[in-house]
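Okay, so here's the structure we're looking at.
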């Protein structure tokens, strides 16, 4: 478990105090995939680097598995960092070292294992990330996705409890991003690792995360289960991320619907309700007619969800709306 208690970080630049992270409290439960999303300058990288103490907090307390890591001395910090792996946006591989040597680097530096043990561990890691046949290659001979898989193998070398991902997919194409996210999900599931990732892409959060924190200007403005935050955003920053992911311009959509008759509502379904024949049932029971103006069905990690924008006319609308609510469908009246 990772806990932040009123943690903040301020940099001094040209004699001025510049806050990168305002006083922040959060909790990441063990075994979770926890996402932090924000635009450039939001403070997410600072928050991530505070977890493994690459940055020293200006105040507050950081507790990991019951240990106050803000109070560790140099030896304690070195021991703690062996429990935290990290992968980076631009891979940070040594160009003059082979794939196997890059993965072995943390083990070699730790000095706790024989050469034979290191070789065995490296072979295990390369098999896990699907690169057993690339052990003797150099980074220049690899694709971007393969380089990131080497980075993941290296981060797992010391058998960490926590894996930090700093924009790990932002330099990759969509197909490669999907394969890397699938690998991270497998690692989380099979090794019970706690994963904290930062990104500016809502789709990354939607695919792999259990919980999400949305950051803006050094502040966590919204936090919760991904489905709750993604489907029912409360803060303007969160709503912008959701609209960017959906590729929806609400002003344009309102203009498109201006000529449509009736009440316009947006329904959000989750889980089994996504596939239930609710619209037909409600129409028969209440006598309303409906037109589908927009819609999508997708998944948030393992949970299916659907969103429909409807124009409803005729019949008993109040009864129809009550029926939607009774079926645990979130309804938003747009007009």
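Glycine is no exception: its Cβ is also placed from the backbone N, Cα and C atoms.
Now, the feature entries from Swiss-Prot:
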- 38, 39, 40, 41, 42, 43, 44, 45: ATP binding site (BINDING)
- 2-242: domain 'ABC transporter' (DOMAIN)
Neighbours of 38, 39, 40, 41, 42, 43, 44, 45 excl. site residues, C-beta within 8 Å of centre, ATP: 198, 200, 215, 216
Fewest-neighbour residue among binding-site residues, criterion Cβ within 10 Å, set 38, 41, 43: 41
For residue 45 (ATP binding site), the number of other Cβ atoms found within 10 Å of its own Cβ: 20
Sequence-distant neighbours of residue 39 (ATP binding site) in its chain (C-beta under 8 A, six or more apart): 200, 216
Neighbour count (Cβ, 10 Å) for residue 40 (ATP binding site): 7
Integer mean pLDDT for the domain 'ABC transporter' (2-242): 93
Residue 44 (ATP binding site): tally of other CB atoms within 10 A of its CB: 27
Spatial neighbours, same chain, of residue 42 (ATP binding site) - Cβ under 8 Å, 6+ residues apart: 215, 216, 217, 218
